[in-house]
Amino acid sequence: MSTTDTPLNASRLPGKIGIARKAKAYLALTKPRVIELLLVSTLPTMIYAERGFPSFGLILATLVGGAFAAGSAGAFNCYIDRDIDKLMHRTENRPLVTGEVTPREALVFSWLLGAAAIAILWFGANPLSAWLGLGAIVFYVVIYTMILKRRTAQNIVWGGAAGCFPVLIAWAAVTDTVEWPAIVLFMVIFLWTPPHYWPLSMRYGEDYRNANVPMLGAIAGAKVVSVQVVLYAWAMVACSLLLIPAGGAGWVYTVTAVVAGAWFLYESHALYNRAQGGDVSNKGAMKVFHGSISYLTLLFIALAVDPFVGSAIMG
């Protein structure tokens, strides 16, 4: 892996670029679409932990600190993976590949964003949430990006745990501790990550093979991947229901978890049936990918609404 400050694709290096374009390039380093998905789980978890709305200042600090932590991790990832990003069509326009940002600039930006995240969480929420934010960055950068991603097809399973930290950060920001409901939500996202990401890796399998990254969807056939998607989907839905006895969930969350879970299981089994019949397509795989986002969004919207409607089903 190159560690020089020379852009990987010098032929694409633009001349002097304007402030707006430079700012847009820095924003792209943070992977904003990933941040959006992570923040979907943050505010609902805070509301559920508080059983109402926390203070505006706490919400703002947690959302901004969490976004900065995720952005720092994403920028570090772009810096480390700049050698393989140029080999994949999906990532060939990232700023370090195009030369809009130099490796040195990206590295400094990553450190500054991470430091800001920890400071905001520490002083705006509490030290526990800051430590969890640091843990999320380290886990994603070191465990996933540097150790697992290029070595094992199970990379996204264990490395994906970094994406589960926002619920722990959110819960800790409100309660200054981590309790069973937060752990259940952590596990829901942990089990959600493979059936979310593996269909995407099926769609971009050629990219990952070109970069020699052993994503399961790239190195295993659709039959194998579809089995794993179904198994993780069932485990995820079952885990989501643990919030009823372990977290005092009410009817809004419960009904949503059952209905949305049943729908996602249907889509997962549809992918499985097509794959086993040799009729899987990129469109079918992406349907499950997009469906997983809808499922998680619905689940956490229900989590946010639940404290305001009725009472706990158990306890």
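Even glycines carry a Cβ here, placed using N, Cα and C.
As recorded in Swiss-Prot:
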type	residues	note
TRANSMEM	56-76	transmembrane segment
TRANSMEM	105-125	transmembrane segment
TRANSMEM	128-148	transmembrane segment
TRANSMEM	155-175	transmembrane segment
TRANSMEM	180-200	transmembrane segment
TRANSMEM	213-235	transmembrane segment
TRANSMEM	251-271	transmembrane segment
TRANSMEM	293-313	transmembrane segment
Among 105-125, 213-235, 293-313, which stretch has the most Cβ pairs under 8 Å to the transmembrane segment (251-271)?
293-313
Contacting positions for the transmembrane segment (56-76) when only residues 6+ beyond its ends and CB under 8 Å are counted
29-32, 34-35, 38-39, 42-43, 46, 106-107, 109-111, 113-114, 116-118, 120-121, 123-125, 129-130, 133-134, 136-137, 140-141, 145, 162, 166, 169-170, 173-174
Long-range CB partners for the transmembrane segment (128-148) (under 8 A, at least six residues beyond its ends), listed in sequence order, are 62, 65-66, 69-70, 72-73, 76-77, 80-81, 114, 117-119, 121-122, 154-156, 158-163, 165-166, 168-169, 172-173, 176-178
